[in-house]
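Report on one structure; see the data block that follows.
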């Protein structure tokens, strides 16, 4: 294995700027843009609808998407769609709250991940293929979790309240590494309905695709915003962050809650759920003063 591949965590069909010229990546079959003929929408967070647009396509830049997300607020709603379960909160964090969280995040060692990302994991080790869970390295959630969960409840207790995280993962994206995360759906065996992503340092775009309807929707996530994907958005749409939508450094603070089988009363509560909930309520101290 070459030094470039040793410097990143990519394998299989995934690659980043550090390994894109290696023999492994050169041998990969070029995948055609499957979204080239999809109908494109831009999300209007004010009216909470997705507006059809001919100004964007499957390769649109971050800057073009930002411009369109602003201008779409004054256009007709003809042809618009609602994506049930999609919630975008601008300025979820204040500058001082973000600064305190970042100071704690950067005291923790980062691990290499795939597609040019680095990560910090708080949660169980999950074997999705064999449906097994290990908790030996799960020692709790970082101390700033309580501040985030309280703010979520205060903002909208119905949509965001009573959130019991089973996992918190900080994902670092860097423009120079061409960091990305491919279009995907999160596992549905262990992870529940609401997926949370908070944008630190810089904003980006969450790209959504509904392959059954051939729809593509861009959701501009500004700096310090919170995105929740649940219900239809969670189960009928794929989501991803494309490399050309990253500027500078961005950290996505992500949270996942338990699937129903792992919650109290579920089939896997006694086997896994109870212990995961107990561990998820422990806080790992990262600073001398609390957020």
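The backbone N, Cα and C atoms fix where each Cβ goes, glycine too.
A quick note: this is a predicted structure, and the numbers were derived from the prediction, not measured.
With 184, 186 listed by Swiss-Prot as binding Fe cation, the candidate from 130, 223, 239 annotated for that site turns out to be 239. Sequence-distant contacts (6 or more apart, same chain, Cβ under 8 Å) of residue 239 (Fe cation binding site) comprise 183, 184, 185, 206, 207, 208, 209, 229, 233. When the Cα atoms are compared, residue 171 (2-oxoglutarate binding site) and residue 186 (Fe cation binding site) turn out to be 15 Å apart. Taking CA atoms as the reference points, residue 186 (Fe cation binding site) and residue 172 (2-oxoglutarate binding site) are 18 Å apart. Note on the domain 'Fe2OG dioxygenase' (85-256): mean pLDDT across this stretch is 97. Considering other CB atoms within 10 Å as the measure, the emptiest surroundings among the binding-site residues 172, 186 are those of 186. Taking the mean position of the Cβ atoms of 171, 172, 173 as the 2-oxoglutarate site, the remaining residues of that chain whose Cβ falls within 8 Å of it are 113, 117, 118, 119, 170, 174, 179, 249, 250, 251, 252.
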